[in-house]
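Take a look at the structure below.
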Amino acid sequence: MAHPSQLGFQDAASPVMEELIHFHDHTLMIVFLISTLVLYIITAMVSTKLTNKYILDSQEIEIVWTILPAIILIMIALPSLRILYLMDEINDPHLTIKAMGHQWYWSYEYTDYEDLGFDSYMIQTQDLTPGQFRLLETDHRMVVPMESPIRVLVSAEDVLHAWAVPALGVKMDAVPGRLNQTAFIISRPGVYYGQCSEICGANHSFMPIVVEAVPLEHFETWSSLMLEEA
């Protein structure tokens, strides 16, 4: 969950998000070191009174500023490619959910069950109860079991949408007529909030996403109740 005036990422709730945060810190440190070096060189050049008018070229300097950036780019690219493949890998999901974007709500269908599906609308401000978050709460949450591979099939009924939950490190475009997929494993129980992340019309800001992760036995109880109500 995000906090007021927060500058960093939300707490990671999935292994992929933990990897993304580590990669961000790794890249940020490289950028910080390069910026410090450049600032030092500029300061030294501006403050010194020494000049050397006899150096017209330097083979050694050209070798260094060619090889060093290449090494730095490799140090960034290798972990980046690793995470890219991790995010795209979907092996033996325990549960598949189809998320459909509409103007302006989400509908969910649990494809492993025959009649388990529902629409998820934002709760209006006047209907909120104490402790609920404005513009983030929905009347039906997407409930999933924790510590289980979950596959989400994402599409849209009308215009472009995007299904995104920052704490899980997930963002997938919802394109009409096209079925995209993403996957995640939630590490701990909790309620995780997201929003449509593709401008989709007048009420784009009012189609939140709420994912609730519960132990497997609680999920089975919830799914049984939902099937009875269907």
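Any Cβ shown, glycine's included, is placed from N, Cα and C.
Note that the structure is predicted; figures quoted are calculated from it, not measured.
DSSP labels the residues of the topological domain 'Mitochondrial intermembrane' (1-14) in these numbers: 0 helix, 0 strand, 14 coil. For 1-14 (among others), the entry in Swiss-Prot reads topological domain 'Mitochondrial intermembrane'.
Swiss-Prot lists 15-45 (among others) with the feature transmembrane segment. Remote same-chain residues near the transmembrane segment (15-45) are listed as 9, 72, 75-76, 79-80, 82-83, 86-87, 166-170, 184-185, 187 (criterion: CB distance under 8 Å, separation of at least six residues from the stretch ends).
The topological domain 'Mitochondrial matrix' annotation in Swiss-Prot covers 46-59. Along the topological domain 'Mitochondrial matrix' (46-59), the predicted structure has mean pLDDT 79.
Distant neighbours of the transmembrane segment (60-87): 16, 19-20, 23, 26-27, 30, 34, 169, 182; these residues of the same chain sit at least 6 beyond its ends, with a Cβ under 8 Å from one of its Cβ atoms. Under the heading transmembrane segment, Swiss-Prot lists 60-87 (among others), citing similarity to another entry as support.
In the topological domain 'Mitochondrial intermembrane' (88-230), the DSSP tally of helix, strand and coil residues is 24 helix, 61 strand, 58 coil. As annotated by Swiss-Prot, topological domain 'Mitochondrial intermembrane' applies to 88-230 (among others).
According to Swiss-Prot, the feature Cu cation A1 binding site maps to His161, Cys196, Cys200, Met207, an assignment based on similarity to another entry. All protein chains shown were included, and the count of other CB atoms within 10 Å of the CB of Cys200 (Cu cation A1 binding site) stands at 21.
Annotation comment: Swiss-Prot describes Cys196, Glu198, Cys200, His204 as Cu cation A2 binding site, evidence class similarity to another entry. The 10 Å shell around the Cβ of Cys196 (Cu cation A1 binding site) contains 26 further Cβ atoms across the protein chains shown.
Annotation source Swiss-Prot lists Mg(2+) binding site at Glu198. Residue density at Glu198 (Cu cation A2 binding site): 17 other Cβ atoms are found within 10 A of its Cβ, drawing on all protein chains shown.
Cα spacing between His161 (Cu cation A1 binding site) and Glu198 (Cu cation A2 binding site): 5 Å, rounded to the nearest whole number. For Met207 (Cu cation A1 binding site), the same-chain residues that are 6 or more apart in sequence and have a Cβ closer than 8 Å to its Cβ are Gly101, Trp104, Tyr105, Trp106, Met122, His161, Gln195, Cys196, Cys200.
Ranking the binding-site residues His161, His204 by how many other Cβ atoms lie within 10 angstroms of each Cβ puts His204 at the bottom. Within 8 Å of the Cβ centroid of the Cu cation A2 site, not counting the listed residues Cys196, Glu198, Cys200, His204, the chain contributes Gly101, Trp104, Val159, Leu160, His161, Ala162, Ser197, Ile199, Gly201, Met207.
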